[in-house]
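Chemist: Below you will find the structure I want to go over with you.
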Amino acid sequence: MANQMLLLTTLLAMTCALVIAFEPSPLQDFCVADTTSSGSVNGLPCLDSKLAQAEHFFFSGLHIPGNTSNPVGGIVTPVNVVQIPGLNTLGISLARIDYAPWGVIPPHTHPRATEILTVLEGSLYVGFVTSNPDNKLISKVLYKGDVFVFPVGLVHFQQNVGNGNAISLSSLSSQNPGVNTIANAVFGANPSIPDDVLAKSFQVDKSVISSLQAKF
C-alpha cells in the first residue's frame with residue numbers, strides 16, 4: 001500500500017511539473033520571421049530582435065478591392081506571416097474577401113485556424129458542415145455588420161447573394177491558417193487521384209470525373 005501511495009505521489013508530482021513547465025505563450029516580445037534563414041522549425045526562425053523595424057509589423061493595401069474576374073467571382077487578399085513577418089508565433093492573421101455579384105468562395109477548410117468573418121458591404125450566404133456522420137449544414141444569410149464563426153478544420157463557404165459587390169473581413173487564429181479548397185484538392189491533385197477511386201467515391205461514371213478533372 002505504501003509503495004502504491006509513493007508511486008501515485010510521484011506521478012502527481014511529475015504531472016504538476018509538466019503542467020507548470022508548459023508555456024503556451026511566446027517567450028519573448030515578438031519573433032519577426034527571418035525568411036532568409038535555412039533553419040527548419042514549426043513556424044519560421046526569429047530575426048535578431050535588434051534588427052526589427054516598423055515595416056516588419058506593417059501591411060498596406062487592404063482598402064484596395066481584389067480582382068473578382070475569375071470563374072468563381074471571389075478573391076481573397078491574405079494578411080498573414082508572409083505579408084507581415086511580425087505575426088510569426090503570434091497565432092493570428094487577417095484576410096479581406098471581395099465578391100462579385102453572386103460570386104462565391106468555394107467550399108474549403110483551414111486546417112490550422114478558426115475563422116471569424118465580418119460583413120463590411122453587401123449580403124452573404126455562409127455556412128459550414130459538421131463532421132461525419134451527421135454532416136449537418138449550419139448556414140445563415142448575413143448582412144452588413146453581421147459576424148459568423150467557422151470552426152477550425154470544418155468545410156465552409158461564402159456566397160454573395162446580392163446584385164452588387166460584397167466585402168468581408170476575416171480574422172483567423174493562426175499566423176498561417178492554410179487552405180484546402182475541396183474541388184481543387186479532389187479534382188486537381190497532382191498527381192491525379194485515380195479516376196476509378198473518385199468514380200466509386202462519388203458514385204458517378206468515370207467520364208464525369210474526367211470532365212471535372214479537366215477543369216482543375
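Backbone N, Cα and C define each Cβ position, glycine as well.
Keep in mind that what you see is a predicted model, and the values were worked out from it rather than measured.
According to TrEMBL, the protein has these features:
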SIGNAL    1-21  signal peptide
DISULFID  C31-C46  disulfide bond
DOMAIN    60-210  domain 'Cupin type-1'
BINDING   H108, H110, E115, H156  Mn(2+) binding site
Chemist: Tell me the Cα distance separating C31 (disulfide bond) from H156 (Mn(2+) binding site), rounded to the nearest angstrom.
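Modeler: Computed Cα spacing between H156 (Mn(2+) binding site) and C31 (disulfide bond) is 31 Å.
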Chemist: Show, in sequence order, which residues other than H108, H110, E115, H156 on the same chain lie with their Cβ within 8 Å of the centre of the Cβ atoms of the Mn(2+) site.
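Modeler: Going along the sequence, the neighbours come out as T109, A113, F128, F150, L154, V155, P177, V179.
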Chemist: Which whole-number value in Å describes the distance between the Cα atoms of H110 (Mn(2+) binding site) and C46 (disulfide bond)?
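Modeler: The separation of the Cα atoms works out to 25 Å.
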Chemist: Report, in whole Å, the straight Cα-to-Cα distance of E115 (Mn(2+) binding site) from C46 (disulfide bond).
Modeler: 26
Chemist: Around the C-beta of H156 (Mn(2+) binding site), how many further C-beta atoms are within 10 angstroms, looking at every protein chain?
Modeler: 22
Chemist: Just jot down the residues in the same chain as C31 (disulfide bond), at least 6 apart in sequence, with C-beta under 8 A of its C-beta; none if empty.
Modeler: G43, C46, L47, N88, T89
Chemist: Give me the mean pLDDT over the domain 'Cupin type-1' (60-210), rounded to a whole number.
Modeler: 97
Chemist: Name the residues of the same chain, 6+ apart in sequence, whose Cβ is under 8 Å from the Cβ of E115 (Mn(2+) binding site)?
Modeler: V149, F150, H156, S170, S171, L172, S173, P177
